[in-house]
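For reference, the structure discussed in these notes is given below.
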Amino acid sequence: MVMGLGLFLLVFMLGLGLTPPTLAQDNSRYRDFLAKHYDATPQGRNDRYCESTMRRRHLTSPCKDINTFIHGNRHHIKAICGDENGNPYGENLRISKSPFQVTTCNLRGGSPRPPCQYRATRGSRNIVVGCENGLPVHLDESIFRP
């Protein structure tokens, strides 16, 4: 009985030790997603907005060809990964049931070297995300290309 309890406690403690890094990694990928693609209340949504926001978020070294910022409520974006605001889309992706306000920043010119100049395109559309453990970690920007 004592031996069984000791083994149980050992396995339980090992399980606790392994879980937090996994959760931390998931949260890290989600935080990266938010840093690259989420801006709750943008100012301007024009070319200057794209250039300053891309620079502030360190997405300009080298210049990124395209980046889309999603505006609105973070909870609604998370909900795409469940049935509340998302449906399966393609292979391992989810599409939002409701449209989001977005600003897509397209690199002008062909050089990947700063200074980066962007053209802003504003719109409202459904978005497609990749999810891990119920959190969005990837935005499929192929649907935003002209």
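Note that Cβ sites are derived from N, Cα and C of the backbone, with glycine treated the same way.
What Swiss-Prot lists as signal peptide is 1-24, and the listing cites similarity to another entry.
If you look up Swiss-Prot, you'll see GLN25 marked as pyrrolidone carboxylic acid.
The tRNA binding site annotation in Swiss-Prot covers ARG45, CYS105, ILE127. On its own chain, ARG45 (tRNA binding site) has THR103, ALA120, ARG122 as residues at least 6 apart in sequence with a Cβ closer than 8 Å to its own Cβ. DSSP assigns ARG45 (tRNA binding site) to coil, not to a helix or a strand.
Sequence annotations record features per position, and here Swiss-Prot assigns disulfide bond to CYS50-CYS105 (among others). All protein chains considered, the CB of CYS50 (disulfide bond) has 27 other CB atoms within 10 Å. For the recorded site, CYS50 (disulfide bond), the DSSP three-state label reads helix.
The motif 'Nucleolar localization signal' annotation in Swiss-Prot covers 55-59, and the record cites similarity to another entry as its basis. Residues belonging to the motif 'Nucleolar localization signal' (55-59) score a mean pLDDT of 95 in the model.
Residues or ranges marked as disulfide bond in Swiss-Prot: CYS63-CYS116 (among others). Around the Cβ of CYS116 (disulfide bond), the same chain contributes GLU51, MET54, ARG55, THR60, CYS63, LYS64, LEU107, each under 8 angstroms and 6 or more positions distant in sequence.
With a cut-off of 8 Å between CB atoms and residues at least 6 apart in sequence, the same chain places ARG94, VAL129, CYS131, GLY134, LEU135, PRO136 near CYS81 (disulfide bond), listed in sequence order. Per Swiss-Prot, the feature disulfide bond maps to CYS81-CYS131 (among others).
Feature annotation from Swiss-Prot assigns active site, proton donor to HIS138; the stated evidence is similarity to another entry. For HIS138 (active site, proton donor), the count of additional Cβ atoms within 10 Å of its Cβ stands at 17 [all protein chains shown].
The distance from the Cα of CYS50 (disulfide bond) to the Cα of CYS105 (tRNA binding site) comes to 6 Å. Counting only same-chain residues six or more apart in sequence, the Cβ atoms lying under 8 angstroms from the Cβ of CYS105 (tRNA binding site) belong to CYS50, GLU51, THR53, MET54, ILE66, ASN67, THR68, PHE69, TYR118, ARG119, ALA120. Each of the recorded positions CYS63, ILE127, CYS131 was assessed for Cβ neighbours inside 10 Å, and the highest tally belongs to ILE127. Distance from the CA of HIS138 (active site, proton donor) to the CA of ILE127 (tRNA binding site) is 11 Å.
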